[in-house]
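Pulled from TrEMBL, these are the features on record:
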ACT_SITE  C:128  active site, proton acceptor
BINDING   C:11, C:72, C:73, C:102, C:103, C:104, C:105  ATP binding site
BINDING   C:21, C:22, C:23, C:24, C:25, C:155, C:186, C:187, C:188, C:212, C:214, C:215, C:216  ADP binding site
BINDING   C:103  Mg(2+) binding site
BINDING   C:126, C:127, C:128, C:163, C:170, C:171, C:172, C:223, C:247, C:253, C:254, C:255, C:256  substrate binding site
DOMAIN    C:3-278  domain 'Phosphofructokinase'
């Protein structure tokens, strides 16, 4: 390969820049030219490509967001969009692509590979960590630390006012963010899509706690819990215990931003290198990830269809630690 | 005076512990005994007093929340509550009180003074900064920095996705938190109760920005803005500009907690000293504050009835700096 | 087992409190009494034991340092010291111990087990990460993030003044802290005990960089590098390149403190649980750790004598990423 | 005025970018062209000028360091250097300058004004805060918070190991950084150039503390204290008390970097505006600053020759609060 390209797509996550940087420098290290594509698939369709040098990524490793911008692309989901995208690749003589993003990104990538045979290697860039094929996604560790830092602040108030706080963290389909936040935040209860904690369970844990003179509680709720979001759950508990002094805090978008942690920079850098070296070694239609500290390339199809299971020992931990 | 007491009341704010610490140690320094009262006026009524030593406040200066707990008290607003409170003070032979809190706290304090003549000196402990009689309240600087840190994170996403973000910060009656967040966060627009920025103003600023190729926007909204909260304002703007890619983030309770900044620790320590030394010098029915770097004692009546005006030069700054 | 004890020993590390908390609550969860021992082996010899309840560890998970205090003990290294320690255990009817610390701690523990048969399970609490038997030690992730945060600040100045900065991080025998700091901090060079980077190597990397118009450099030095500490190395490079504008920064003790990261809280909590459940299941003379995400108990002898090897792919990464 | 220029000079400080941003946007707001000069006076001499637009300073308000780079210039101290600099200004038709820096910067500026009549308004950009004519300099609040954050971490270890820590902070001529760090960090002793605290004073405070069962101590030392730096002072105390378990930590360069605090962004923005509007209103040979919340322009001569005095009430505070 003489020339590759790199883009970011889907929700931004901290460490995407560290990954772009690794892609750019690894390409240059191996004597391969590298182009940046702005705004993901949309930018590819429109031809927003530009040559990147080592200095293009100077002083970016510590930055949140993505210097290549990101966007979700409806156009690329249509055959016409992919045709235009392929024409741009031909025009710029791009022989391989590194796609940094999540499941939506990889769904597009595998379609594109099937139709046009363009070698694409993916990097798991999403704060949600719910991607099969890697223990950790780029941005996950930072998001968890940001949420935990917020919970530490909230506990100051919970403790001072002897209140119950329902804290909603990101996670539409999984409790990956909620779980370490609950354990690390010293929460008494955690509600995640993967487990069936019901409103009566919450009520009995609270009453049990009060009976042991516990005066403040943190309840962590993944936004996608089957019992509802934090506001809904708090309302239903309040109905049963009207005298409860409760508050709801929705952490929201702050979880996406910020300077990446050491772990995320390291992971993003390793994966960036692995994507480029994978491409050079003939990998295609796969995502690079680390499972049990070993580099693995997982077919996009598997990352899309298989489900990563949250460690069941975590569920038990919350129970033990809030004794 | 041989013995004084200290309590915190109303919403907790970072630096309250630094203030308690200063009160305790200044009393001891001057050979005065000091009691802590738990849970504000409620605890006073119930007799939750305990003797404090220098070591009671060791390693607390850096902690958010309040080690004395806080609560809002309905009972104290009734004459019977104040009578019970006074009996507790007599029982414990308390001759003066330092009350750390906001306007609600001081309203109770001045009533109490009028009825029972108990000397009380107040410390302005609230993140809102809307207290007449001091340039800065204890906790304000920390709250602003916490909010600003969140806005920095949000801007990573705003910038990466070229979106409009409506960020709601605390401030039911004032823009004290919103204003420095807007200036320091590089916001294009700020909506605060003190100024009449209308929805059409927001729309025209956005359109003006897009026409100059600006692609992302931060709009800071004080929760008590007369145009509504951030969710409402965003919905109304979206009605006029349906194609706008906008998000709302409500920072909420994280603004109350966290380790106090250097400024807040310094202010809280100075005010704690000033409260005790004020009491010893015969001050009563006043709040200690700093105006233009000078210590002033302001009658509780004034802190309750007079309005502190936000600096008008700040309003102009947002306009200039988002050019 | 009816009653166990827990202590911390050796250098403190962030997450020790989270580990103590997990030990205490897991014991209570399983109906076992738990005593805290203050000041490590010294306190054990002197009988500084006290009963701990669930509330003894409330609101401690986020705190740096150790609520049980720590100390290095010479007395315990002598037979007389261990005899006195054993008498205390008999007096308090302690049947098992969780020892949180590093190699020094475990050396004492295995001696104690050999002589008196006291079941001890160890938790790897040290920022250095150089313990065989676990991929990560408690406190390591926090220390790396603290050091990296400092390097981010230093780069602001390095970049503004176009200077060379030699930053010394902890690591007397290993580059475990230095390596992720170098990769995550975007350093051009890293000097660690495990690799032979010489002064001429440093000089040639600098000159090579200047020739490619690079104007600022971060060089991360593990304190125990065989070429000397950061001050010595900087002096030797300066001798060869007198016109170099260089500064040295020794990060020092800040790397030991601070609130633990999410990863460290999670690891410490898991290990604390594993230590108690290990004891209850008959484990003794071993350390609990995680290797490739699996819980393993490693004999103290192995943790003391075997060497954990730093991943060689990291060495290559610095070279690629500073291209 | 039709065209002005801006540069940064001397040691970098957090908030310099916020100030540059305000200068650029205020100029544009008033219809004035603005040029950036790279590398301070050196760049001016060499003609490193470039036109800046509003977008040149987008997304910079939160960044440490200076996007215009900084340097100390020997050449400008010679008449020949100033002559070359003036020629560049004529070539680029620059009619006024905003100089962001400290005393060295202003010494050059006033010389330049005297010889060539170029209107220059200065912005106080230095972490040291020892500039007459402003209560606070740009970067000071951030530096203090960074140092305090480090002291909070160090206290975790001091407390866990019951040690004495000598922490050295910046301040060659003043205790401006040391003082709030000592008060906010809960230090028992502070040594600054402005006061005569002797080694025997330190020893007696330590012994007094131990006699009251205090087990750990933080001693903050300004690098320019007349008794020596932290290492020297610690050695002298250790000589008198050999059994003392003491450590030294020199915070060093981390104090210069990092994202500016809210206060620093606000101050920097206000001063940037004031510099440009001052120039437009005919100000020259002065520094813009805030004294007691009011904007004042102080002649460079006064900022150079007059001494700002540290508030004496702070000295007494350390004594009271460590009781």
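Count begins at 1; order follows the chain as displayed.
Cβ atoms are placed via backbone N, Cα and C, with glycine included.
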Site with most surrounding Cβ atoms, counting all protein chains shown within 10 Å, from the binding-site residues C:73, C:103, C:105, C:216: C:105
Binding-site residues listed as C:11, C:102, C:104, C:186, least Cβ neighbours within 10 Å: C:104
When distances run from the Cα of residue C:172 (substrate binding site) to each of the binding-site residues C:102, C:105, C:186, C:214, the nearest one: C:102
Within 10 angstroms of the residue listed as 'active site, proton acceptor', Cα basis - binding-site residues out of C:21, C:25, C:102, C:104, C:170, C:254: C:102, C:170
Integer Å distance between the CA atoms belonging to residue C:126 (substrate binding site) and residue C:103 (ATP binding site): 9
Neighbouring C-beta atoms (10 Å sphere around the C-beta of residue C:25 (ADP binding site)): 24
List of the binding-site residues C:21, C:25, C:73, C:102, C:104, C:186 facing chain A, defined by a Cβ pair under 8 Å: C:21, C:25, C:186
Whole-number Å value of the largest CA-CA distance among C:21, C:22, C:23, C:24, C:25, C:155, C:186, C:187, C:188, C:212, C:214, C:215, C:216, listed as ADP-binding: 58
Max CA-CA distance, Å, over listed ATP-binding residues C:11, C:72, C:73, C:102, C:103, C:104, C:105: 13
Those binding-site residues listed as C:21, C:72, C:172, C:214, C:247, and which of them has the most Cβ atoms within 10 Å of its own Cβ: C:21
Those binding-site residues of C:170, C:186, C:256 having Cα within 10 angstroms of residue C:11 (ATP binding site): C:256
DSSP three-state assignment (helix, strand or coil) for residue C:247 (substrate binding site): strand
Rounded Cα separation (Å) that holds between residue C:23 (ADP binding site) and residue C:254 (substrate binding site): 27
Cβ within 8 Å of the mean position of the Cβ atoms of C:11, C:72, C:73, C:102, C:103, C:104, C:105: remaining residues of the chain near ATP: C:9, C:10, C:40, C:101, C:107, C:108
